[in-house]
Structures are given as C-alpha cells and as structure tokens.
Amino acid sequence: MILANAFCIVLFVDETLRSLAAPPSPPGQDPQGWRAPVDCVRANELCAAEPSCSSRYRTLRQCLAGRDRNTMLANKECQAALEVLQESPLYDCRCKRGMKKELQCLQIYWSIHLGLTEGEEFYEASPYEPVTSRLSDIFRLASIFSGMDPATNSKSNHCLDAAKACNLNDNCKRLRSGYISTCSKEISPTEHCSRRKCHKALRQFFDRVPSEYTYRLLFCSCKDQACAERRRQTIVPSCSYEDKHKPNCLELRNVCRADHLCRSRLADFHANCQASFQSLTSCPGDNYQACLGSYAGLIGFDMTPNYVDASTTSITISPWCSCKGSGNLEEECEKFLRDFTENPCLRNAIQAFGNGTDVNLTPRTHLVPVTVPPKTEKSPSPDDINYSNTIYDTSIITTCTSIQEHGQKLNKSKEQSLCYSETQLTTDTMPDQKTFVDPKAGGSRHWAGRILPAVPVLLLVLVL
C-alpha cells in the first residue's frame with residue numbers, strides 16, 4: 001500500500017515538473033496555439049520586424065495593385081505570399097472604431113482580406129473588434145431610470161429632451177452645433193451646402209461624443225409627428241442624406257466599398273444588424289448595442305441611413321437609394337435594401353432603446369414584477385419653453401418610459417414595440433476577451449528547480 005502511494009506521488013510530481021519546466025509560449029499565444037488578436041497597426045509592426053513576413057507582405061501589396069483576385073492567384077509568388085501571411089498576426093488583426101490610426105489600420109486589414117475573398121461578397125466580415133457592451137450599460141451611464149414615472153413623462157417630447165441634454169455637455173454641444181452650422185451653410189444659389197464637409201462634421205460628432213448622448217438624439221421615442229420629424233432632422237438630411245436623384249443601391253454600395261472607411265462601416269453594420277431569426281431579438285448575439293453602434297457608424301458616409309418619414313406607428317430606415325435600373329440584379333438589390341427598410345433587428349433595437357429596455361440573457365425560472373418607486377421631479381424652468389420653437393434646440397434628457405407590463409410575449413411585427421419587463425433589464429456586460437499570456441512564464445524553471453530536491457523527502461516520509 002505504501003509503495004503504491006509512493007508510485008502515485010512520483011507520477012504526480014513528474015507531471016508537475018514537466019509542465020513547469022516546459023518552455024514558455026510565444027508572446028500572444030497559449031500552449032494550444034491560440035493567438036491573441038492585435039490591432040492591425042501593431043500587427044504590421046510585428047510583421048515588419050520579421051524579415052520573412054515583411055518581404056511576403058510587400059509582395060502581396062504589389063500583387064494586389066491593379067489586379068483582381070483571380071489574376072493575383074494565378075501568380076505562384078503571390079499565392080505563396082498570401083499563404084504565409086495567413087499564419088501571421090496580420091491575418092487575425094482587427095481595428096477599433098474611432099482609434100487614433102483607424103484609417104491606417106483599416107487599410108492594412110483590407111490589404112490582406114481583399115485577397116482572401118472570392119470576388120464581391122454580399123456580406124463581408126467586419127474589420128472591427130466585437131462589441132461587448134450592451135444597451136444596459138448606456139442606460140446606467142446616463143442614469144436613465146431617474147424620474148421614470150410614465151404618468152408624468154408620457155407627454156414629454158423625448159427628442160427635444162435629448163437636444164437639451166446634449167446642450168448640457170460641452171463636447172456634445174460644440175460638435176453638434178458645428179455639424180448643424182456646416183450642414184446648413186449655403187455655398188451658392190445652386191449648391192445649398194457642402195455635402196463633403198457636412199459628412200465630415202457628422203462623423204466627428206458620432207465618433208467623439210459618447211453614445212449616451214448620440215443615441216438619445218437618433219433613437220428617441222416619439223408619440224407625435226412633431227417629435228418624429230425632429231428625430232428625422234437630427235442629421236440635417238437636406239444636406240447629409242437627400243440628393244437631387246436617387247442612385248441605384250448597388251451602385252451606391254460600390255461607391256461605398258471603394259472607400260476603406262465606408263466599406264468597413266457597412267461590413268460592420270451587416271455583421272451586427274443582420275437579421276437572425278434564431279435569436280430572441282432577431283439580432284446577432286441578442287446585442288442591441290452592437291447594432292445601434294454600427295448604424296450610427298454609417299452616418300457621414302455615402303451610405304448614410306435615415307428615417308424615411310415622420311411616422312409614429314412604424315419605423316422605416318433606408319439609405320438614399322432605390323432599385324430602379326437594377327436589371328438582372330434587381331433581386332440582389334432588393335435584398336440589400338431590405339437589410340435597412342425591413343430589418344427586424346434594427347427596428348427592435350431602436351424600439352428597445354426608446355422604451356429604455358434591454359434583454360436579460362440570464363436564464364430565470366421565475367420572474368417577480370418590480371415596482372419602480374416614483375421620483376421627485378423638478379418643475380420645468382422658463383428656459384425650457386423656448387426650446388420648442390426650433391428643431392435644433394439643445395438641453396435634460398428623458399427617454400421613452402413606456403415599459404410594457406410584465407409577461408408580454410415577443411412580437412416581431414413591424415408595428416409592435418419590443419419591450420421587456422423591469423425584471424428583464426440587466427446591466428451585466430459580456431466579459432472581455434482574455435489573453436492567455438503569462439508575464440511570469442519565464443520563471444517556471446526556477447520553481448521546478450526548487451521543487452525537485454523535495455521529492456526524496458516526500459518519498460522518505462511515506463516509507464516511514
């Protein structure tokens with residue numbers, strides 16, 4: 001019996017010493033070969049530091065210059081370079097929206113991935129890192145549940161409130177006033193604004209102002225046409241959205257894909273808003289926040305979307321295009337357009353934000369209704385009255401407070417709001433992606449050296 005126990009301990013100690021004495025994994029890689037993704041700017045730096053990767057990357061860029069994919073792959077040297085780069089950090093790299101070197105990062109990403117795609121794909125993979133935050137995080141940051149009494153807020157113009165809230169934040173107020181001024185400035189009798197400058201100012205606003213302000217301007221809930229028209233006018237559509245004629249949607253998509261930024265934002269929109277009827281909300285990963293963020297990311301580009309009317313009974317979103325003149329590609333064009341006009345994920349996400357609700361993905365066996373205690377509200381100041389005279393007013397936000405009663409079933413019809421009970425609201429965030437890199441891995445052999453002398457002592461104790 002003693003000998004058997006001693007034998008087991010010897011085996012255990014041997015395995016422990018093997019694992020501790022093993023050489024550490026390369027940086028950014030775990031023992032199973034999993035590689036932690038890095039942004040493409042950093043991946044490019046890592047590739048440049050390795051002669052083999054650097055030379056192959058230069059070769060690939062030369063191969064892609066002025067050639068289509070089939071022509072490129074017909075060249076054996078180009079094909080070999082692509083195969084080598086698929087094993088480099090460049091293949092897994094991603095970008096962050098609004099990062100300091102975003103355009104450079106996206107250029108590096110597409111220099112690799114345009115060579116990997118089989119021609120023009122209908123849906124392209126997003127070059128951006130996955131979104132892990134949720135709408136509930138936006139609600140928490142904005143303290144959205146303060147004063148949430150439907151009886152007192154039912155007649156509030158939530159889009160007007162959103163403008164007032166923006167006015168209380170210096171950054172939001174400055175950038176919003178900037179794009180409104182730019183998009184409303186007449187250039188000449190025949191050109192009422194500079195569309196290019198207007199788009200640039202809009203991009204700066206939505207990239208630099210926190211979502212708790214921008215979302216309220218874009219997705220405020222409305223019960224009358226005056227409110228809905230204010231919401232539609234948020235992006236100054238006469239300059240940023242509308243044009244003298246509507247281009248074909250596939251032609252507009254081609255123009256967008258010729259620009260790395262626009263192409264990336266469109267791919268991100270499809271990745272996060274593509275209707276998924278296998279999920280509770282019709283959104284990929286049941287993440288409303290990812291879809292709304294991708295939608296906002298399209299504003300300020302040729303593919304800028306907007307509300308098509310001031311309807312209060314339904315939500316219809318579309319880019320400024322149609323499918324006239326599509327020829328034999330009409331079916332593809334209609335499919336592309338429906339991803340905006342008849343997208344249940346996008347519609348449900350907008351309604352959920354307006355209702356102040358998010359999806360709780362934690363399984364529950366029993367739901368108990370929660371009553372929100374009434375909060376004391378300040379009486380409106382005289383200055384608030386003046387804000388109702390213009391579309392572009394600024395000032396404190398409340399959002400839609402019409403949370404539906406507990407137990408309502410999901411309805412994905414076009415007119416039905418997607419709401420959840422109070423007990424379904426959650427502020428849990430998805431865990432960040434873990435990187436399996438141990439900075440102290442180099443010291444494992446040192447510990448192995450200290451454990452080894454203890455083995456004879458353990459065996460002696462067992463024998464005695």
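Yeah, the Cβs are placed from backbone N, Cα and C, and that goes for glycine too.
Whatever TrEMBL says is automated annotation, not expert-curated.
Sequence-distant contacts of C47 (disulfide bond), defined by Cβ-Cβ distance under 8 angstroms and a gap of at least six in the same chain, are C53, S54, Y57, L85, S88, P89, L90. The disulfide bond annotation in TrEMBL covers C47-C53 (among others).
The disulfide bond feature in TrEMBL is assigned to C159-C220 (among others).
For C166-C172 (among others), the entry in TrEMBL reads disulfide bond.
Taken from TrEMBL, the feature disulfide bond applies to C183-C198 (among others). Close to C183 (disulfide bond) in the fold, though at least 6 residues off in sequence, lie C193, C198, A201, L202, I235, V236, S238, C239, S240, each with a CB less than 8 Å from its CB.
Taken from TrEMBL, the feature disulfide bond covers C193-C239 (among others).
Look at TrEMBL and you will find C222-C227 (among others) tagged as disulfide bond. Same-chain residues at least 6 positions away in sequence with a Cβ under 8 Å from that of C222 (disulfide bond) are, in sequence order, N157, H158, C159, A228, R230, R231, T312, G354.
Annotation source TrEMBL lists disulfide bond at C249-C321 (among others).
Remark: C262 (disulfide bond) has V255, C256, F301, D302, M303 as non-local neighbours, by Cβ distance under 8 Å and separation of at least 6 in sequence. Positions annotated as disulfide bond by TrEMBL: C256-C262 (among others).
Sequence annotations record features per position, and here TrEMBL assigns disulfide bond to C273-C291 (among others). Neighbour count (other Cβ atoms within 10 Å of the Cβ, all protein chains): 28 for C273 (disulfide bond).
If you look up TrEMBL, you'll see C283-C345 (among others) marked as disulfide bond.
Here TrEMBL flags C323-C333 (among others) as disulfide bond. All protein chains included, C323 (disulfide bond) registers 19 other Cβ atoms within 10 Å of its own Cβ.
Note on the domain 'GDNF/GAS1' (40-117): DSSP counts are 54 helix, 2 strand, 22 coil. Taken from TrEMBL, the feature domain 'GDNF/GAS1' covers 40-117 (among others).
The domain 'GDNF/GAS1' feature in TrEMBL is assigned to 159-239 (among others). Across the domain 'GDNF/GAS1' (159-239), DSSP assigns 61 helix, 0 strand, 20 coil.
The annotation domain 'GDNF/GAS1' is assigned in TrEMBL to 249-345 (among others).
Feature annotation from TrEMBL assigns N-linked glycosylation site to N355 (among others).
Residues or ranges marked as N-linked glycosylation site by TrEMBL: N411 (among others).
The average pLDDT the prediction assigns to the domain 'GDNF/GAS1' (40-117) is 83.
Comparing CA positions across the disulfide-bonded residues C249, C321, C323, C333, C345, the one lying closest to C291 (disulfide bond) turns out to be C345. Using C283 (disulfide bond) as the reference Cα, a 10 A cut-off selects C273 from the disulfide-bonded residues C227, C273, C321, C333. Using Cα positions, the member of the disulfide-bonded residues C220, C273, C333 nearest to C249 (disulfide bond) is identified as C333. Taking Cβ-Cβ distances under 8 Å and a sequence gap of 6 or more within the same chain, the neighbours of C345 (disulfide bond) are C273, Q274, A275, S276, T281, S282, C283, P284, C291. One residue stands out among the disulfide-bonded residues C159, C172 for having the most other Cβ atoms within 10 Å of its Cβ: C159.
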